[in-house]
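A.B. asks: Take a look at the following structure, please.
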Amino acid sequence: MTISFLSWAPEVFFISALLAFLWYGTGPAVRPVSEAWWMPHRGELSSVPAMAPNISLATAGPNHSVTHLTWWCATLCVLTALLLAYSPLSAVEAGGCFVRDSFTQQLGRGLMLYAALCLVARAGWYRIRKVIHTEYLILVLLALLGQHLLLMCTNLMALYLCLELQSFSLVVLCSLNYSNAYSVEAGMKYFLLSAFRSSLLLLGVGLIYWQTGLVDCGHLQELLLCTAGEASLTTWMGIWLVSLALLWKLARAPLHLWAADVYQGSWSSVTLLMSTLPKISVLGFWAHHWHNVWYQTFGTGLRWFRAASLIVGAVAPLAQVQIKRLLAFSSVGHMGFMLMPLAAGSEGFSALWVYLIIYLITSLVTWGLLFWPFGRPSSAGVAPQYIWDLAGLKNSNPAAAAAWGIAVLSLAGLPPVGGFLGKLGVFWSSLTVHQYALLSVALRATLLGSVYYLRVLKLAYVDQPTAWSSLGRFAPVTAYLVSSACLVLLLVLWHGAPLVLFSHLLALVC
């Protein structure tokens, strides 16, 4: 009983704190206890001459409840990561539905710490955008709980529940800005397509169970190994449908059509979460539990998804002028690059984790810059929306221009920033397994994709603005995070040994 409790301690602590934040966010954070006593007694206290001048002033509570609660949520993520470091390394939980080992423990710690960075990065954004929805952070924690459990699950029904937990939260988060028609459209589109993805997943799980009587990934892998990959058509179809549901979650082409509209309509803070955290959890589950099942059934069938994602990620952004849509299609291309190391089997996992970590750091810079208030004649206090909003940035704000330059060079995979190291490892892993055709497509996609990245640099450093615009005051904590991430991207190419060793360790325990 003690061992079981210790193995569940991080999750129990996280859920207990989530419930406490739910109570606090809907009660004391909005109307503190002292204020709840103060308001009914205003009439009595107003008769006291010394109290009359200050009778209308708030006596307690945070200045901005959402910002206040954000710091508590970030602290919760850090404490949960520390608990994961001291939890048992090998534990089977919930009757075998969840398994905690060294890989899930390390990736779970990384997930929690990165979520804390995402929460802190937008701490000043809530006050600027006057966000008053305390349920926003509760939904973020629910999605994070689903992503954390997804890393550990080995059961296909548990997989479905974890995906639904995070999808439910993300649907509400996408449409939380209900005064904006684009936000409502984003939430509706994500909801409908998530329902379609759920139906594919359930149908696939049903077909697998109908034919084999198994829903455990480890047992399914042993069955496929014993049959030398000669499974029945029903089993193949079930594995195919489950894989499609996972690829949809990663926005891999041709299952990417929802990404651009959802990214555009959602708040930038929601898009930062949606474009990073699900990729950590789904890629972790695929590499740890599902890769061998797929490989024994379909072999190198992922090459078509790789090629399609690379082509879409290189061609589609050329016609985009909105920054969020450009980044959405760019993420499709990056997912294509992350699929390339899977062709090399477990030997390529190290390159996958290097690329993923650098992509996460770059995303923190890119979306952090979109939290920077931007003023134009038509609207003030919002983020840059179009690429021409960055025109003349070198003259108006050299620091912002330098940060955008580092971010786009890293996304393009060009030296001297960290994105080049990630892309070099991916190319080398494909070269070692003689995937010359795929490598040729990837090189052409990199060359073509550099066009729209360099166009952003041209706007920031060469072009002159066509209308008056200026950047407002950047939140200090966001500025520190963006500056630190830019410094990491500049140093990781020349001092990348710790990152490579950590990624190699993840590959060994995967």
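Every residue number used here counts from 1 along the chain in the order it is shown.
In case you wondered, yes, glycine gets a Cβ from its N, Cα and C as well.
Just so you know, TrEMBL annotations never went through curation; they're auto-generated.
Keep in mind that this is a model prediction, so the values were computed, not measured.
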A.B. asks: Using TrEMBL as the reference, determine which range in 380-400, 401-421 is annotated transmembrane segment.
C.D. replies: 401-421
A.B. asks: Is the transmembrane segment (433-454) packed against any residues at least 6 beyond its ends, judged by a Cβ distance under 8 Å, and which are they?
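C.D. replies: For the transmembrane segment (433-454), the sequence-distant neighbours (Cβ-Cβ under 8 Å, at least 6 residues beyond its ends) are 303, 306-307, 310-311, 313-315, 317-318, 320, 326, 330, 333, 336-337, 340, 343-345, 347-348, 408-409, 411-414, 423, 426-427.
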A.B. asks: How about long-range neighbours of the transmembrane segment (69-87): same chain, 6 or more residues beyond its ends, C-beta under 8 Å?
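C.D. replies: Those are 6-7, 9-10, 13-14, 17-18, 21, 24-25, 29, 62, 100, 105, 108-109, 112-113, 115-116, 119-120, 122-123, 126, 134, 137, 140-141, 144, in sequence order.
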A.B. asks: Considering only Cβ pairs under 8 Å, which range in 136-152, 190-211, 231-250, 301-319 makes the most contacts with the transmembrane segment (270-289)?
C.D. replies: 136-152
